[in-house]
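Quick look at what Swiss-Prot annotates:
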type: BINDING; residues: Arg270, Asp307, Asp311, Arg448, Asp451; note: (2E,6E)-farnesyl diphosphate binding site
type: BINDING; residues: Asp307, Asp311; note: Mg(2+) 1 binding site
type: BINDING; residues: Asp307, Asp311; note: Mg(2+) 2 binding site
type: MOTIF; residues: 307-311; note: motif 'DDXXD motif'
type: BINDING; residues: Asp451, Ser455, Glu459; note: Mg(2+) 3 binding site
Amino acid sequence: MATSAVVNCLGGVRPHTIRYEPNMWTHTFSNFSIDEQVQGEYAEEIEALKQEVRSMLTAATTCKEQLILIDTLERLGLSYHFETEIEQKLKEIILHINREEDASGGDCDLYTTSLGFRVIRQHQYHISCGVFEKYLDKDGKFEESLSSDTEGILSLYEAAHVRFRDETLLQEAARFSRHHLKGMEEVLESPLREKVQRALQHPLHRDIPIFYAHFFISNIYQKDDSRNELLLKLAKSNFMFLQNLYKEELSQLSRWWNKFDLKSKLPYARDRLVEAYIWGVGYHYEPRYAYVRRGLVIGIQIIAIMDDTYDNYATVDEAQLFTEMFERWSMDGIDGVPDYLKIAYHFVVSAFEDYERDAGKLGKQFAAPYFKQTIQQLARAYNQELKWVMGTQSMPSFQDYAKNSEITSCIYIMSASVFHGLESVTQETIDWLKNEPNFAVSTGMIGRYWDDIGSHERESRGGKMLTAVGCYMKQYGVSKKEAVRKFREQVEDLWKDVNKGYTAMTCMPRETAVLFLNYARMCDASYTENNDDGYTDPDFSKRKISALFLDPLVF
């Protein structure tokens, strides 16, 4: 609910202040203590089952068998246990494909060709979409006879979502497969029906791996008559091990967050620690990335306090003072600065220092200066946006707003906040990101455009009218409906750029490339489902939080 604007002591007008919903998880995780015996039992069982799965990988001989097993491991959230074995199998498959000139490695059915194409691209190997030409009729359309192959059509649909901009064949594959899946989803039997419905809402390539793993284990695989009981048992034990690990991390982070007591000191700001942590598991869910998850929580909480201070409370004059404090990175010369700004600034600096200590422990001290620079960069961008919103500067062109949005998408600060937790990150990685590569910009703008689509009406009702949608409508004289349609098209094109950029990033370790891909996935999954972000709206995230962190899987 928006409040009326008020005049403050510096003579400026405050923005309409949004009263956010309270935190629904305040005490849920803070007192959690992990049962080391239970966790140890899960770990022992996982290790024993892993040996049997390695034997399965070795025993799989045909390309089809190998691809299905790799895909199943990835859907179940187990592939991180077998990274070396999977990469070796994929290299063998690619060699076979190059000999056969067929993405199925000689198993010439639509399902296997599509599966091979998608998995190979998702692992950053080159493969041409020409492998699908054999399924086209004389007019260049997909043969209608394929529509009776439900699993094949679904596999084609999933493959179409790793396409690049210039791949019109895959554009047609997406249209063709979606049309037929929509027509059959209501008559399919469970669990295939649920699998198709999930794909239509969240194509697998755009889904968040750990979210999908929970869905696949609970709703698909354990109901599949052809399931492998060994894989199912490993998947359930692995998920419960991860769930306990996440609760332990949340307990530690809750204590870290609560010590600042910003809920009472800065009541205008969002109190969303658990929602921030969900982004952490979305970025990298594997156990070895604990510092990635912790770093992202620190980064997101910094972003939220800064965003809500600029966007939801500060006057233009106060925001300028706030920005200058970040530029100086010092409490010196802040006499006359309102207390709430001192509190907000002190939190940001303290949180940064916690990050800096973590970076030192990990031997990644070089990451801290860039993280600091992204905080200062974000302050300048938020300050500029507030001047536009409050009318102290004329409304920007769509191009000027979009350029500022590259920063307020938070792709740079969020990436910087986790770099110390990636073993492969070096100073060269940071230098690469400083050059604003198209791959990073494209992932950031997916999030920014989805946010603008979802927030246009909400922010307009709150008394503000500065979104990319609003700028586009004004500059080009189009309706909101037309602007939103254009933005959705732009998101689709950006995904094609992300796919191409991801596949081309072979000079950088895959864990870094996946980081940016997962940012886009988190944004896409949030906004396509709800037209709002899962951080601000606690009800939207409640179901995901319960499933990932609280509800046990049924064995």
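Please read every residue number as a count from 1 along the shown chain.
In case you wondered, yes, glycine gets a Cβ from its N, Cα and C as well.
Summarising model confidence by region, the motif 'DDXXD motif' (307-311) averages a pLDDT of 95. Counted with DSSP, the motif 'DDXXD motif' (307-311) comes out as 5 helix, 0 strand, 0 coil.
With a 10 A radius on its CB, Arg448 ((2E,6E)-farnesyl diphosphate binding site) counts 27 other CB atoms from all the protein chains. Per the record's binding annotation for (2E,6E)-farnesyl diphosphate, residues Arg270, Asp307, Asp311, Arg448, Asp451 show a top Cα-Cα distance of 19 Å. The distance from the Cα of Arg448 ((2E,6E)-farnesyl diphosphate binding site) to the Cα of Ser455 (Mg(2+) 3 binding site) comes to 10 Å. Fewest other C-beta atoms within 10 angstroms, among the binding-site residues Asp307, Asp311, Asp451, are seen around Asp307. Each residue contributes its Cα atom, and for Asp311 ((2E,6E)-farnesyl diphosphate binding site) and Ser455 (Mg(2+) 3 binding site) these two points are 13 Å apart. The number of other Cβ atoms within 10 Å of the Cβ belonging to Ser455 (Mg(2+) 3 binding site), over all protein chains shown, comes to 21. In this view, Arg270 ((2E,6E)-farnesyl diphosphate binding site) is surrounded by 24 other Cβ atoms within 10 Å of its Cβ, with every protein chain counted. Cα to Cα, Asp307 ((2E,6E)-farnesyl diphosphate binding site) and Ser455 (Mg(2+) 3 binding site) are separated by 14 Å.
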